[in-house]
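**Q** The following feature annotations were taken from Swiss-Prot:
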| type | residues | note |
| --- | --- | --- |
| ACT_SITE | D275 | active site |
| BINDING | N205, R206, K207, E208 | ATP binding site |
| REGION | 1-330 | region 'Ribokinase' |
| REGION | 358-490 | region 'Cytidylyltransferase' |
Amino acid sequence: MFDFDDLSQAIARQTVLCVGDLMLDEFVYGEVSRISPEAPAPVIAVQRSEINIGGAGNVARNIAALGARCIFVGLVGDDAAAAQLEAELAREPGIETVLVRDASRPTTRKVRFVSEHFSAHMLRADWERAAPASGEIEQRLIDAIVPRLARADIVLLSDYAKGVLTARVLRNVIDAARRAGKRVIVDPKSANLAIYRGASVLTPNRKEFSEATRSRAETEQEIAAAAQDAIYLADCEAILVTQSERGMTLVPRQGDAIHVPAYPVKVRDVSGAGDTVVAVLAATLAAGAGWEEALRMASAAAAVAVSKQGTASVTSAELRRKILPHAYRAAEEKIIAGDGEILARVEGWRSEGLRVGFTNGCFDILHPGHVKVLTAARAACDRLVVGLNSDASVKRLKGESRPVQDERARAEVLAALEAVDLVAIFTEDTPLRLIELVRPSVLVKGGDYTREQVVGHEVVEAGGGEVILIDILKGHSTTALVDRARSDGR
């Protein structure tokens, strides 16, 4: 398992130059319950509609949603749809937009009519002119793209065959990127992969790959065999074939093919899922990820995207929830720092009629004695809060050589235990302030204490709570473990 948080932080430091066919996506949702008396066609009773940035613009949105910066260059007409797109893009944080206008063509617009009940697309209406851009517009696009290469860590070309990525534009951008040492990721539309020659990675879907290679490759082995000629033709590092529910297969120029299965999810809408895949792939590769890490990120992002309605983008937080094991995330969510958050969690439990318990300690090296106390404490309540001494607090109590593990490591170990429901780090020598905040119904302490010696007993008893003392498990102590380790190391 790769470190998602480290990779996510690296992604946030990247800038992706994204170029491609911009579209305005509109989704009209409604119910269908009858057939038109005028013609054998269903009648949709419209309930709502949504406007989204589509095409390469959705790729840019996905890049920004991951936390990376995006420089986006696209082509629009001189019409209302262009104004809508410009306004929508201006509202997107993390995207620097450069739009080239061509008054001779309409802004590409797609309207999809969707059955709300069945989440099924019934009809799509397109406004577009798919002809290649004129020579003048090509030059304006090149002039907008090439000077911005220096600010990018990677280049992403999203080709929907609507006229932006002509052979001339592709050649100028790819060649300039290679001279600048920048990798180029291409989501291709043309079956002639040679026009993308020199790109780093091509990402066709299964249909596009079959058309480009004139093959019916189905298995991983067949895809790998068919991809070799295509890799040579396009002079690229690798080809990634996306295969919907079958997952995705990457074939590198050198080395074995890598197949990553799809996540099992309920598919609500596939619109824009390919945009999500290529955006995540580019951002993760820019951040220094290897092939397999990038593919696993892209596969998880696709699963999130298809579970949403409409043209979807995927945030870093959503991706994190999909990739990290539930147990890891559940443990992580137990560690809370701020008083406000602690109080909100505790009050929430209390409002449900749950009995809140509290215990505390340094828990420097977790051992069976600790586990006994924690388990007994949890058995005495419905939710257990563990107060954990901070590093500075441990050092004052135990000496300069302690703690052995820092407070974050100690908190993570505690949070992984089923008996523990919340871990709160305190900086004082005693947990009295934390006990006053939590006001537990049960205060548990292990060791040779009397009730009067337990810090916070007055607070708990004044509120009608009880103090429970747990016998220590003899032969187990952190100090003894540390001393033994040091003597063995001499």
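Each residue, glycine too, has its Cβ placed from N, Cα and C.
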**Q** Using a 10 Å radius around each Cβ and counting other Cβ atoms from all shown chains, which of the binding-site residues R206, K207 yields the largest count?
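**A** The most densely surrounded of these binding-site residues is R206.
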**Q** To see if you understand the setup: which same-chain residues, six or more apart in sequence, place their Cβ under 8 Å from that of N205 (ATP binding site)?
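**A** In sequence order, the residues whose Cβ lies under 8 Å from that of N205 (ATP binding site) (at least 6 apart) are V241, T242, Q243, S244, G274.
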**Q** What is the number of other Cβ atoms found within 10 Å of the Cβ of D275 (active site)?
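**A** Its Cβ has 30 other Cβ atoms within 10 Å.
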**Q** Given the recorded ATP site (N205, R206, K207, E208), which additional residues of the same chain have their Cβ within 8 Å of the Cβ centre, ordered by sequence?
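**A** The surrounding set, listed in chain order, is P204, F209, S210, E211, V241, T242, Q243.
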**Q** Using C-alpha atoms only, work out the spacing between K207 (ATP binding site) and D275 (active site) and round it to an integer in Å.
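**A** Spelling it out, the Cα of K207 (ATP binding site) and the Cα of D275 (active site) are 16 Å apart.
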**Q** Do any residues at least six apart in sequence from E208 (ATP binding site), in the same chain, have a Cβ closer than 8 Å to its Cβ, and if so which, in order?
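**A** E208 (ATP binding site) has long-range Cβ partners P188, K189, A191.
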**Q** Provide, as an integer number of angstrom, the distance between the C-alpha atoms of R206 (ATP binding site) and D275 (active site).
**A** 15
